[in-house]
Amino acid sequence: MADTRNVTEFIFLGLSPNRDVQKVCFVIFLPLYTAVVLGNLLIVLTVMTSRSLGSPMYFFLSHLSFVEICYCSTTAPKLISDLLAERKAISFWGCMTQLSFMHFFAGTEIFLLTVMAYDRYAAICKPLHYTTIMNRQVCAILAGVAWAGGVVHSLAQILLIFRLPFCGPNVIDHYFCDVLPLLKLACSDTFLIGLLIVANGGTLSVISFVVLVASYMVILLHVKKQSSEGRCKALSTCGSHITVVTLFFGPCIFIYLRTSTTLPVDKMVAVFYTVITPLLNPVIYSFRNAEVKKAMRRLWIRTMKLCEK
């Protein structure tokens with residue numbers, strides 16, 4: 001087996017070889033990334049400082065927003081800086097680090113979305129027992145399980161890739177290090193490892209997506225028995241969750257259920273789930289929520305008063 005140290009760095013081809021297109025992308029992605037960070041950070045601060053947002057739903061939402069900041073930050077800053085760089089390179093260890101953190105936060109998000117679906121099920125289908133089912137200790141445990149699940153998912157991915165020999169070429173037709181582009185560069189048969197990656201990433205996404213959709217279907221069937229006001233509130237909340245789930249899992253399933261082929265459209269699909277979805281989450285989950293908007297206004301007023309002093 002070839003020595004994996006023969007390749008000490010990887011070269012990205014990026015989104016486009018056209019310099020004018022790269023400049024346009026820079027102008028687009030820099031504000032987008034800034035909006036992702038500021039929007040999700042605002043949600044985290046609002047939930048942390050507002051007493052009215054003390055329910056489990058907002059507790060998990062703050063975790064999700066923090067994950068979105070970290071998840072987007074594993075790829076977006078490198079993408080943005082490379083758009084103005086002549087040579088788009090990353091070291092071998094930098095590539096492995098980017099890969100591990102990306103799948104750590106992606107895995108954590110998958111489990112957090114599952115936990116949030118369970119929280120909505122308990123709130124809507126078991127309202128009388130909700131405070132008992134989702135007490136603070138249970139919420140903390142579920143959040144810890146989500147983060148631990150992200151660690152396990154990331155370790156499985158990085159261990160499968162790290163053991164592969166890379167002896168050249170070292171050019172990645174992508175804008176970040178991911179498992180499928182790296183499989184194409186390995187100097188050995190990757191069929192079995194590709195299947196394991198599908199089992200870890202693709203199958204996890206499919207199973208989680210099916211479970212989430214099924215759980216929301218159960219919730220929607222249950223709300224038929226409620227009053228029109230309760231039904232509208234439940235439909236609004238579940239509709240937001242289903243939208244986020246579809247936007248996140250759809251591209252992931254499209255990418256990670258394939259091992260032997262990569263498509264030109266993969267880059268744009270990756271942009272969607274690494275940049276666009278983290279930007280849409282604050283809008284879908286929070287900025288359409290009356291309670292969150294009121295809490296944000298109170299936070300803004302308090303901040304202005306502190307600035308005046």
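Glycine residues also receive a Cβ, built from the backbone N, Cα and C atoms like all the rest.
Annotations in TrEMBL come from automatic prediction, not curation.
What TrEMBL lists as domain 'G-protein coupled receptors family 1 profile' is 39-285. According to TrEMBL, the transmembrane segment annotation covers 26-45, 100-118, 138-162, 191-222, 234-257, 269-287.
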Task: Non-local residues, at least 6 beyond the ends, that sit with Cβ under 8 Å of the transmembrane segment (191-222) - done: 103, 107, 110-111, 113-114, 117-118, 120-121, 124-125, 153, 156-157, 160-161, 164, 179-180, 183, 234-235, 238, 241-242, 245, 249, 252-253, 256-260
Open item on the list: Within the same chain, where does the transmembrane segment (26-45) have neighbours whose Cβ lies under 8 angstroms from its own Cβ atoms, ignoring anything closer than 6 residues to its ends? I mean 6 or more beyond.
Closed with: 61-62, 65-66, 68-69, 72-73, 76-77, 79-80, 83-84, 275-276, 278-279, 281-283, 285-286, 292, 296, 299
Task: Considering the transmembrane segment (138-162), which listed stretch of 100-118, 234-257, 269-287 counts the most C-beta pairs under 8 Å - done: 100-118
Open item on the list: Please report, as numbers and ranges, the same-chain residues at least 6 past the borders of the transmembrane segment (269-287) whose CB is under 8 Å from any CB of it.
Closed with: 15, 29, 32-33, 35-36, 39-40, 42-43, 46, 61, 64-65, 68-69, 71-72, 74-76, 102, 174-176, 178, 240-241, 243-244, 247-248, 251-252, 254-255, 293
TODO: Let me know the model's mean pLDDT on the domain 'G-protein coupled receptors family 1 profile' (39-285).
DONE: 86
